[in-house]
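Asker: Submitted below is the structure of interest, expressed as structure tokens.
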């Protein structure tokens, strides 16, 4: 056997294996696998190759602008220069007007524009890029806040990107929801018109550092979403400067004045019309007959209804003692109206139930209310029913205690004349015995009976042509006369009661017309001022 070969050391073996494997690894990793026929091909992406120069230019521009940029320094070459900020406001929605807390909530866009000399570039050097959008946190922005903020959020919360232009102009439009304080005047509620304002200005820079210029003289309403309760009548911008007590510098601001008018349809249907109907129900109290016994009940029901409406309104209107709202005045007027109607109704019921045994009707009351006032009010009282006429009048002569008719009296007179001629002496004795007394006429209309009672009661013998009454019949006749007198007295009392009822009816009619006039004049007087002011 020949000489044996020396064995390779371990490190030499490892190096050999590395040399053998390196081309294969490089080929498999660094290069794509060889293409075989029938294998699918991937589409090429030329867009990436075209956009790559633009992306590289934008990246170079971004690095160029912000390599040494300081966002805390004002964008002016000299410290004495003033940064002019053009400010505009675009309202997107009027969210709410809180009358009780006196706040106006709005969704607005703050349009701000200024020039930053450190953010200029030559578009030709950066792929003709004329504008660039960058996060607003990376650049200097003015600290413009809402001065009359009501909830503590003075600055913009959502920091949107700013739009940069090659000339150095910066355009920034962040959205914001503000709650601004607003003095609410509820004099003509719900036909009211409010004047609210939003005051914007720099919080830390005075006019020597930052000055504001309004972009437009009005608020931009192109993107405004109409509100269902309020309508924007006018919205103007005003530039102001003011020196505050805290500082010696003068601070500028741009104030936007909003004139908004309430749409009263909701309150008209749910408050005004029910109140009008309830107030007119008060008038019907005086047309309701007193005998039904429901006049006071109706008055109290109307008063309770108005009280409920007043409680509802106090939840809506602001708690202020400076003015009383229009609807509150109308409800107060109606409540006084109803209260007076209750007092008058109690008095009318008192008059209605009067009688001769408790009250004597004065002569002036009878003359005024039963004659003159009722005629002026076109009230005509029905005439009393006609008395029935009876058949031949019956006479009761108590001196002779007989009941006779007219024919019997005539025949008896003729017989007496004959007897007087024949027996004069006997007649004289009769005249001495029969002494006539003063006569008394009593009229009795019950059942058409007409009676005359004359002379004192006496007994007489039976005469020819007359009917002598027994003592029992005399007692019965006296009872009948007593009943007739009692009925006559009741008729008189009933007549006086009817007079009192008629007086109560006249008083009701007086206040019926008076309350109608006052209700109409009060309603017109309360709603006429907002109508003349153009709020209705």
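Cβ atoms here come from the backbone N, Cα and C positions, even for glycine.
Nobody curates TrEMBL annotations by hand; they come from automatic prediction.
Just so it is clear, the model here is predicted, and its values are computed rather than measured.
The transmembrane segment feature in TrEMBL is assigned to 265-289, 296-318, 330-351, 510-532. The domain 'Neurotransmitter-gated ion-channel transmembrane' feature in TrEMBL is assigned to 271-527. TrEMBL lists 408-437 with the feature region 'Disordered'. Among the features that TrEMBL reports, compositional bias 'Acidic residues' is placed at 413-432.
Give me the structural setting of these features: burial, nearby parts and distances.
Answerer: Counting residues 6+ beyond its ends, the transmembrane segment (265-289) has Cβ neighbours under 8 Å at 189-190, 229, 295, 298-299, 302, 305-306, 309, 312-313, 327, 330-331, 334, 337-338, 341, 344-345, 348, 508-509, 511-512, 515-516, 519, 523 in the same chain.
With a threshold of 8 Å between CB atoms, the same-chain residues lying at least 6 positions outside the transmembrane segment (296-318) that come near it are 99-102, 184, 186, 189, 271, 274-275, 278, 281-282, 284-285, 288, 325, 327-328, 331-332, 334-335, 338-339, 341-342, 345-346, 349.
Long-range contacts of the transmembrane segment (330-351) within the same chain, counting only residues at least 6 positions beyond its ends with a Cβ under 8 Å from a Cβ of the stretch, are 275, 278-279, 282, 285-286, 290, 295-296, 299-300, 302-303, 306-307, 309-310, 313, 324, 500, 503-504, 507-508, 511, 515, 518-519, 522-523, 526-527.
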